[in-house]
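Just lifted these from TrEMBL, have a look:
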DOMAIN    123-278  domain 'Sodium/calcium exchanger membrane region'
DOMAIN    367-428  domain 'Sodium/calcium exchanger membrane region'
TRANSMEM  187-211  transmembrane segment
TRANSMEM  223-245  transmembrane segment
TRANSMEM  257-276  transmembrane segment
TRANSMEM  313-332  transmembrane segment
TRANSMEM  339-357  transmembrane segment
TRANSMEM  385-404  transmembrane segment
TRANSMEM  411-430  transmembrane segment
């Protein structure tokens, strides 16, 4: 006996021998796999290796990809939906919840509800006025955000245009209803509040914060703006003087024709002013130091970035404009009822209360534009703001021009401007327009017209 054990691989071997040889054979195959030997491989080993072929590998790979393709697309869709929801929520948060004044936004829907439920004109006017205030502020915010993507020139044009959108929408609704005096007085009130109240508050607040320092601004820019104000006053003054002196060539027509011509000239002046401001004198609006010279270098505005995307800004501009238009319709419709309910003159509501929703400068105001729009709509909108309103505007421009001529500001100048605005507000509180019949007679005096006609016939006969 040599101690050797011989295993047979003969297929004709007995079952008993197969059972005996099964475990040693598996052990031999396992040992060969561990040693990495290529010699003496068994049939079972070749059968195990034959199970892993390139075909099977490709099938398994295809099966893996095919199995996870649908779930991968679903994951992409879920990610896109989640990203869209996050972007929508971020935009709503920035536009609707970042400004504290947005707490007044529910006043708009409440005004619509009261109009259709109770028809209380006083509350409808009050709530519509409060509801438009945050919308006008957010409209300016969306315009500023859009300006980040358009450059300084186009951005300046957008700010100049949409900055007056609220007042323009209200004026168009009033023109559609034939409320020409409301349009005139509301536009005048916006000018007065901007020049006296807003500028006065700015001077006063700055003077209080920097009590021991004198604030300095560009004197040249102030002189240019004062000249533009006086030019616009001249455009409003001549139709009023022409009407008051009864020196029209054609009564009831010359005054309107002069107003339309002057409005076109003022629009040309406004366009030229924009080109001058945005192209030729862009550096003149940089911050000014204490010595009166412009500060060079980057400012805080350079670090500002857009909070919403371009298309989000355009979408919000459209939404806010439509909602302002809706509320403006309710606001204008309730003016007369609010005047009766509160026992307040319409002149006070138009000059003092309506301008709360918007602020604007004289040349950038839609006064000339409203004259042209009224011309297109067939409404006799003109620049004759009546003697009382025109005199108020003329004195206001003189006061502001004197305050700006030195190029400095302090809290006392701001206080003076605010006190002047209180005088103006009190004046319009006791000022009442004549009734419609008397107003038409004043606008188109029949006796003067007949006298002029008779004089003309005498001259033709002679």
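A Cβ is built for glycine as well, from the same backbone N, Cα and C atoms used for every other residue.
Describe the structural context of each listed feature in the structure shown, including burial, neighbouring residues and relevant distances.
Taking Cβ pairs closer than 8 Å, the transmembrane segment (257-276) reaches residues 156-157, 160, 228, 231-232, 235, 238-239, 242, 363-364, 367-369, 371-372, 375, 381-384 in its own chain, all 6 or more past its ends.
Residues 91, 95, 108, 111-112, 115, 124-125, 128-129, 131-132, 135-136, 138-139, 142-143, 145-146, 149, 162, 165-166, 169-170, 173-174, 177, 179, 182, 306, 354 of the same chain, all 6+ positions outside the transmembrane segment (313-332), place their C-beta atoms under 8 angstroms from a C-beta of that stretch.
If you look at the transmembrane segment (339-357), the same-chain residues 6 or more away from its ends with a CB under 8 A from one of its CBs are 120-122, 125, 129, 132-133, 136, 166-167, 170, 181-182, 185-186, 188-190, 192-194, 331, 389, 424-425, 428-433.
With a threshold of 8 Å between CB atoms, the same-chain residues lying at least 6 positions outside the transmembrane segment (411-430) that come near it are 192-193, 195-197, 199-208, 211, 344-345, 347-348, 351-352, 392, 396, 399-400, 403.
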Tally the residues of the domain 'Sodium/calcium exchanger membrane region' (367-428) by DSSP class, grouping H, G and I as helix, E and B as strand, and everything else as coil.
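Computed counts for the domain 'Sodium/calcium exchanger membrane region' (367-428) are 48 helix, 2 strand, 12 coil.
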